[in-house]
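A.B. asks: The following feature annotations were taken from Swiss-Prot:
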ACT_SITE  K65  active site, proton donor
BINDING   D15, K36, 63-72, T127, R189, Q198, 218-219  substrate binding site
Amino acid sequence: MTLVNPSEKLILALDGMDVLEALSFIDKVPDLIWVKVGLELFATSGLEIFTELRARGKKVFLDLKFHDIPNTMAGACYRAARNGAELITVHACAGSKALLVANEAAKKGAASVGLPSPTLLGVTVLTSWTSYEFGDELDIHHSLEKRVEHLAQLAFKAGLGGCICSPCEVKRLREIFPESFELITPGIRFLDSGLDDQARVMQPRDAFTSGASRLVLGRIITRSTNPAEAFTRVCRDIQTD
């Protein structure tokens, strides 16, 4: 399969930047479509970053990983969708009730301003966890992989549009879930890149051919001396025959 527009499958994380830095950076990557607004950027910019990104024709992936009681999660997702977030993360371990009401609230929020329904994504297990740390520190006695699978099932049954997982779990999850259930993965590195604080990583092409729907790119782009060239490199890498 050859992708018509590989840029649509890539999401750039602008962590560690303020609004001006983020906007300046995306101008360096003209083919960029999706931008991830995480905790750091949102904490410094608030909703201003939504307005600025959408004015530039970018799609917003709001990655705040909401995890609270159902009513609070519903309110947060309603407002996020109303402000134009097209992908929104929630922790799957918040439970079925919270996932169900958050998903419905997001649809209502978008509809209230004439926007299409966003896709809610259930966060499974953060890619910074190793299998040993996961079991030892959280005192969980089944495998990390089983936990990821269980949380992905919760998200799927609650009607969410996909989940966040490491590239190491993508192949197994794709065997379980249909293509319509998005598997979005951070932890993307080339062999000549460092691991930084990620523990479960994979190269772009390998993650994509394993079944990932979209890839979240961070430091392999933001730390590059030529971000546009680095982005193009990933686009070429995920093109499959």
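The count begins at 1 with the first shown residue.
Using the three backbone atoms N, Cα and C, a Cβ is placed for every residue, glycine included.
On a predicted model such as this, the values are computed, not experimentally measured, just so you know.
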A.B. asks: Within its own chain, what residues at least 6 apart in sequence put their Cβ under 8 Å from the Cβ of H67 (substrate binding site), listed in sequence order?
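C.D. replies: Correct list: M73, V90, H91, C93, A94.
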A.B. asks: Using Cα coordinates, what distance in whole Å links G218 (substrate binding site) and the residue listed as 'active site, proton donor'?
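C.D. replies: About 17 Å separates the two Cα atoms.
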A.B. asks: Helix, strand or coil: which one is H67 (substrate binding site) in, per DSSP?
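C.D. replies: H67 (substrate binding site) sits in coil per DSSP, no helix or strand.
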A.B. asks: Which one of the binding-site residues (P70, G218) has its C-beta surrounded by the most other C-beta atoms within 10 angstroms?
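C.D. replies: In terms of Cβ crowding, the pick is G218.
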A.B. asks: Using a Cβ-Cβ cut-off under 8 angstroms and a sequence gap of six or more, which residues of the chain neighbour D15 (substrate binding site)?
C.D. replies: G38, E40, L41, G218, T222
A.B. asks: Tell me the Cβ neighbour count for L64 (substrate binding site), meaning other Cβ atoms within 10 Å of its Cβ, over all protein chains shown.
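C.D. replies: Its Cβ has 17 other Cβ atoms within 10 Å.
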A.B. asks: Just to be sure I understand the packing, how many Cβ atoms besides its own are within 10 Å of the Cβ of the residue listed as 'active site, proton donor'?
C.D. replies: 17
